[in-house]
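Undergrad: Would you mind keeping the following structure in view while I ask a few things?
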Amino acid sequence: MQASSSAAAPLTDPFGRTVSYLRVSVTDRCDLRCVYCMAEDMTFLPKKDILTLEEIDRLCGAFIALGTDKIRLTGGEPLVRKGVMTLVQTLGARIGAGGLRELTVTTNGTQLTKMAGELYAAGVRRINVSMDTLDPATFAAVTRWGKLEQTMDGIFAAKAAGLAVKINAVALKGVNEDEFDRMVAWCGEHGFDLCLIETMPMGEIGEDRTDQYLPLSLVRSRLRQSWTLEESDYRTGGPARYVTVKETGRRIGFITPMTHNFCESCNRVRLTCTGTLYMCLGQDDAAEFRSLLRDPSVDEAGLAQAIRDAIARKPKGHDFVIDRRRNRPAVARHMSLTGG
Ligand code: SAM
Ligand code: SF4
């Protein structure tokens, strides 16, 4: 009903950045326990604290009415949430003129053999699949509970369904650091882009972060010894900086929150599965939407105003540091709550 407000005033933050991209964590749960993301004995949130799929859809609709044209579903593992495909379908129905330009998903791939076709049918065209290694034993060690074969089967099911796949890999010192040449070649062979991610200090995970941190500047200079990396001005509005690998024609993105500041072009905000909107991945300031969504006196106009008020508080940037002295994360919440 509020469609008129979208044409009138897009969501713009105090630094002139237009916010058009919403990342939505649909669950904090996951069927894996990646070492950089979760402790093995995670306690998950009670169901009553989690937004229903209808509440998520309503809030997404309010963002879309204010000009949001890209939504990414993430988690936790978004595809293990019961009934998630109904949300994908209702959001998919919002793709088109005046609505969403793109609906995407970030997944660990375990459910893709079952769900890739349905994702495509709902309007999803690109997905990110996290796979940090091509080695089955390393994969089992990094994900604790995962099987490489299951994720690989998922990736190929996605490709067969017509989805463009980007592989996400977190760079981990002493774990997968000698594998990137092979991964670049493998992605080239199968037609996937690759995104390398530096570890971010988010949430207590029961391990020493400084042991895992591998600067991508180092990875990049090592890759240059085997590949011709051509600078690219390709941008997704996100923190990744891209190069094109001349030999394969595929892109490699580098997400470097620790060594490089990507905040100046930030166009995104993040919604947790409990309805908390974080205006910046690296800052604690947040706006609560769950109580508004559950308050019968708050109508669509009220929701729209609350979104505008939140965006007006979007900070200029983040300040990630691995606190070596106290070995504490810079941001206490887990990535699985905010979504990667
Ligand atoms: N479960 C899905 C997956 O693994 O793709 C979606 C959620 S996961 C939190 C999203 C992305 O965040 C993944 O690519 C994951 O590797 C990355 N990630 C998780 N914890 C991280 C951390 N501490 N530092 C950097 N990236 C992290
Ligand atoms: Fe699960 Fe994704 Fe976190 Fe791994 S990175 S534990 S797959 S949410």
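Glycine residues also receive a Cβ, built from the backbone N, Cα and C atoms like all the rest.
Per TrEMBL, the feature domain 'Radical SAM core' maps to 14-239. Sequence annotations record features per position, and here TrEMBL assigns GTP binding site to Arg23, Arg72, Thr106, Lys166, Arg268, Val269, Arg270. Residues or ranges marked as [4Fe-4S] cluster 1 binding site by TrEMBL: Cys30, Cys34, Cys37. For Tyr36, Gly76, Ser130, Met200, the entry in TrEMBL reads S-adenosyl-L-methionine binding site. The feature [4Fe-4S] cluster 2 binding site is assigned by TrEMBL to Cys263, Cys266, Cys280.
Map the listed features onto the structure and describe their local environment.
TA: Around Lys166 (GTP binding site), the same-chain residues six or more apart in sequence whose CB sits under 8 Å from its CB are Arg126, Ile127, Asn128, Val129, Phe192, Asp193, Leu194, Cys195, Gly253, listed in sequence order.
Secondary structure at Cys34 ([4Fe-4S] cluster 1 binding site), as computed by DSSP, is coil.
All protein chains included, Met200 (S-adenosyl-L-methionine binding site) registers 24 other Cβ atoms within 10 Å of its own Cβ.
DSSP assigns Cys263 ([4Fe-4S] cluster 2 binding site) to a helix. When Cβ atoms from all protein chains are considered, those within 10 Å of Cys263 ([4Fe-4S] cluster 2 binding site) total 19, not counting its own.
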Undergrad: Say you check the Cα of Cys37 ([4Fe-4S] cluster 1 binding site) against those of the binding-site residues Arg23, Thr106, Ser130, Cys263, Cys266; which is nearest?
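TA: For Cys37 ([4Fe-4S] cluster 1 binding site), the closest Cα among Arg23, Thr106, Ser130, Cys263, Cys266 is found at Ser130.
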Undergrad: Near ligand 2, which of the binding-site residues Cys30, Cys37, Gly76, Cys263 are found, taking a Cβ distance under 6 A to any of its atoms?
TA: Cys30, Cys37, Gly76
Undergrad: Work out how many Å separate Arg270 (GTP binding site) and Cys30 ([4Fe-4S] cluster 1 binding site) at their Cα atoms, rounded off.
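TA: One finds 18 Å between the Cα atoms of these residues.
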Undergrad: So which binding-site residues out of Thr106, Lys166, Arg268 are up against ligand 1, CB under 6 A?
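TA: Thr106, by Cβ distance under 6 Å.
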Undergrad: What is the Cβ neighbour count of Val269 (GTP binding site) at a 10 Å cut-off, with all protein chains included?
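TA: 26, counting other Cβ atoms within 10 Å of Val269 (GTP binding site).
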